[in-house]
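Features as listed in Swiss-Prot:
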- Glu22, Leu23, Glu82, Asp286, Lys355, Arg362, Arg363: N(1)-(5-phospho-beta-D-ribosyl)glycinamide binding site (BINDING)
- Arg114, Lys155, Ser160, Ser161, Gly162, Lys163, Gly164, Gln165, Glu195, Gly196, Val197, Val198, Glu203: ATP binding site (BINDING)
- Glu267, Glu279: Mg(2+) binding site (BINDING)
- 119-308: domain 'ATP-grasp' (DOMAIN)
Amino acid sequence: MTLLGTALRPAATRVMLLGAGELGKEVAIECQRLGIEVIAVDRYPDAPAMHVAHRSHVINMLDGEALRHVITEEKPHYIVPEIEAIATDTLRELEGEGLNVVPCARATQLTMNREGIRRLAAEELGLPTSTYRFADSEASFHDAVAAVGFPCIVKPVMSSSGKGQSFIRSAEQLAQAWEYAQQGGRAGAGRVIVEGVVKFDFEITLLTVSAVDGVHFCAPVGHRQQDGDYRESWQPQQMSELALKRAQEIARHVVLALGGHGLFGVELFVCGDEVIFSEVSPRPHDTGMVTLISQDLSEFALHVRAFLGMPVGAIRQYGPAASAVILPQLTSQNVTFDNVHAAVGAGVQVRLFGKPEIDGTRRLGVALATGENVEEAVIRAKKAVSRVTVKG
């Protein structure tokens, strides 16, 4: 039984978002639809989810004392992390004191960095992964590359959106790759993972929901990556029945091992009928923004329904759909979007995130489209993006 109070009243049900970006914004909107009181927290003011929250706070979420203070002040019933860069030791302490961390503090801690989740998947669960080594100094980094071999990929153990990642083809790139990885970590310089390159036909995100009525799967989401970040995603990604079954088995093992209720973005490589585990996020996934147009329940609605203890039931997928990101490069604290009217139309939507500023390249929005097939949907989404002019 789920009892929900009314926002801004004594019996209000309160949800605190740790991270208030575009994904958190959609989670906040789903909470608002249920009359839930929303508190958004991030490291900078006027973050997207703060626009649709009842209150907001600006703190360094890696500062355990500051994190504990804001949680103690607001007394949320549900603490919902949106990003990895959080003082997860503090979350475990707070969970031990009776607070509800979504999906659970252990999941946020294990997935905060690539080492925790890789060791769980490969060494504890025995799931197929790429070859890998970890390194915490430049010397051990060279040893790790020698063990894995060329070509390989180096990533900070904690980073997002491709920051700090390099594709290494030769020894001449090692010094630059190490330095770039040290600059790109979400918690500053430190440990890296060196991964062997996996041969694959395509990558998918299998959005997997762990709820009171069991584990549920969305149709697989295909996506194209560039510079470590996604550019387009589409649903459904066509794959063999055997590969889909194996992907679902891997995802089920991972989410049940992590524990708790919520939506998980399980990233997988697919080569023919073979499936290899890549990463998992215990929260909605950026490639899953396509579900805003492709499903009756978006990944955000599913996440909220699951962590509130409600059954998910069946997930209806409407048909071929795609997303394409609006990713301008400029510097401005007063961004405007021109020609949006030419981008939207029947079966085409535009979502602008409301980020307060840009300094370089930043994802500021997404176009969503349906089509007769995924190829057409991707073309329509990309065409919509091309029609939007970002100014500053």
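Each residue, glycine too, has its Cβ placed from N, Cα and C.
Features per Swiss-Prot, on structure.
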| residue | record | Cβ contacts under 8 Å, 6 or more apart |
| --- | --- | --- |
| Glu22 | N(1)-(5-phospho-beta-D-ribosyl)glycinamide binding site | Pro48, Asp286, Met289, Arg351, Phe353, Lys355, Arg363, Val366 |
| Leu23 | N(1)-(5-phospho-beta-D-ribosyl)glycinamide binding site | Glu82, Arg283, Pro284, His285, Asp286, Met289, Phe300 |
| Glu195 | ATP binding site | Ser130, Thr131, Tyr132, Val148, Cys152, Ile153, Val154, Lys155 |
| Glu203 | ATP binding site | Gly222, His223, Gln225, Glu267, Leu268, Phe269, Val270, Ser278 |
| Glu279 | Mg(2+) binding site | Arg114, Ile117, Glu267 |
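Mean model confidence for the domain 'ATP-grasp' (119-308) is a pLDDT of 95. Of all Cβ atoms in the shown protein chains, 25 besides its own fall within 10 Å of the Cβ of Glu82 (N(1)-(5-phospho-beta-D-ribosyl)glycinamide binding site).
Of the recorded residues, Val197 (ATP binding site) and Arg362 (N(1)-(5-phospho-beta-D-ribosyl)glycinamide binding site) place their C-alpha atoms 27 Å from one another. Around Arg363 (N(1)-(5-phospho-beta-D-ribosyl)glycinamide binding site), taking its Cβ as the centre, 19 other Cβ atoms fall within 10 Å, counting all chains. Taking CA atoms as the reference points, Gly164 (ATP binding site) and Arg362 (N(1)-(5-phospho-beta-D-ribosyl)glycinamide binding site) are 15 Å apart. Per-site Cβ counts within 10 Å over the binding-site residues Glu267, Asp286 peak at Asp286.
Same-chain residues at least 6 positions away in sequence with a Cβ under 8 Å from that of Arg362 (N(1)-(5-phospho-beta-D-ribosyl)glycinamide binding site) are, in sequence order, Leu327, Pro328, Lys355. Secondary structure from DSSP puts Glu203 (ATP binding site) in a beta strand.
Secondary structure at Glu279 (Mg(2+) binding site), taken from DSSP and collapsed to helix, strand or coil, is strand. DSSP assigns Val197 (ATP binding site) to coil in the three-state reduction, outside any helix or strand. Counting every protein chain shown, the Cβ of Gly164 (ATP binding site) has 24 other Cβ atoms within 10 Å. Local packing around the binding-site residues Arg114, Lys355 was summarised as the count of other Cβ atoms within 10 Å of each Cβ; on this measure the leading residue is Arg114. According to DSSP, Glu267 (Mg(2+) binding site) sits within a strand segment.
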